[in-house]
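TrEMBL annotations:
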type	residues	note
ACT_SITE	87	active site, proton donor
DISULFID	49-92	disulfide bond
DISULFID	103-110	disulfide bond
DISULFID	187-219	disulfide bond
DOMAIN	34-168	domain 'Glycoside hydrolase family 19 catalytic'
DOMAIN	174-219	domain 'Glycoside hydrolase family 19 catalytic'
SIGNAL	1-18	signal peptide
């Protein structure tokens with residue numbers, strides 16, 4: 001086959017796959033995040049928990065379409081859900097319990113009367129994270145941070161935005177690096193029980209997916 005024919009064949013493949021990423025990504029994530037896996041986490045929460053009805057697998061799969069690279073390995077899914085489980089109390093909490101303003105106006109403004117406490121699966125926190133997330137996902141993160149706790153698809157998109165932006169780049173350094181990226185204050189003895197809890201969830205999910213946790217899971 002000549003160079004021109006190879007080029008035409010390659011372009012044909014690209015054209016054929018260009019229309020498929022959302023479907024392919026959703027299917028790939030769905031293969032790992034099965035209903036049994038997702039509900040197995042959520043069912044540990046009390047029925048009175050706000051997250052019990054708010055967090056849904058369907059919403060996660062819709063959100064995953066915005067991030068074609070997310071969840072292409074069971075290890076990443078195990079790490080992601082280890083943090084989700086810890087941050088939300090097995091998908092019980094939509095909003096942080098101990099609320100505060102979390103306003104640092106050095107680079108991004110804070111809207112009057114708004115608080116930027118943790119919301120959603122990874123408890124998105126601080127005005128600058130809401131601002132950048134809003135810019136990336138086309139919503140008013142500064143003026144309406146509550147939308148992350150109101151829209152069941154946006155809440156997962158916001159979590160995936162934070163994951164793909166701040167956590168996934170260090171995933172190959174081990175699970176411990178993901179703890180540092182999400183809540184580094186826990187590391188170096190800052191909150192050993194919290195670190196142990198995250199690692200415990202990670203080990204459990206790795207076992208569920210039939211993979212061996214790496215050595216450097218702590219921080």
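Cβ coordinates are placed from backbone N, Cα and C, and glycine is handled just like the others.
The shown structure was predicted, so the numbers you read here are calculated from the model rather than taken from an experiment.
Classification of residue 92 (disulfide bond) by DSSP places it in coil, neither helical nor stranded. Put simply, of the recorded positions 87, 92, 187, the one whose Cα is nearest the Cα of residue 110 (disulfide bond) is 87.
Within the same chain, residues at least 6 positions away in sequence whose Cβ sits under 8 Å from that of residue 49 (disulfide bond) are 89, 91, 92, 93. For the domain 'Glycoside hydrolase family 19 catalytic' (34-168), residue counts in helix, strand and coil come to 68 helix, 3 strand, 64 coil, using DSSP.
Under 8 Å, Cβ to Cβ, and six or more positions away along its own chain, residue 87 (active site, proton donor) finds 93, 118, 121, 122, 123, 182. Within 10 Å of the C-beta of residue 187 (disulfide bond) there are 17 other C-beta atoms, taking all protein chains into account. For residue 103 (disulfide bond), applying a Cβ distance below 8 Å and a minimum sequence separation of six or more within one chain yields 110, 115, 116, 126, 127. For the domain 'Glycoside hydrolase family 19 catalytic' (174-219), the model gives a mean pLDDT of 96. Shown for the domain 'Glycoside hydrolase family 19 catalytic' (174-219): DSSP residue counts in helix, strand and coil, namely 29 helix, 0 strand, 17 coil.
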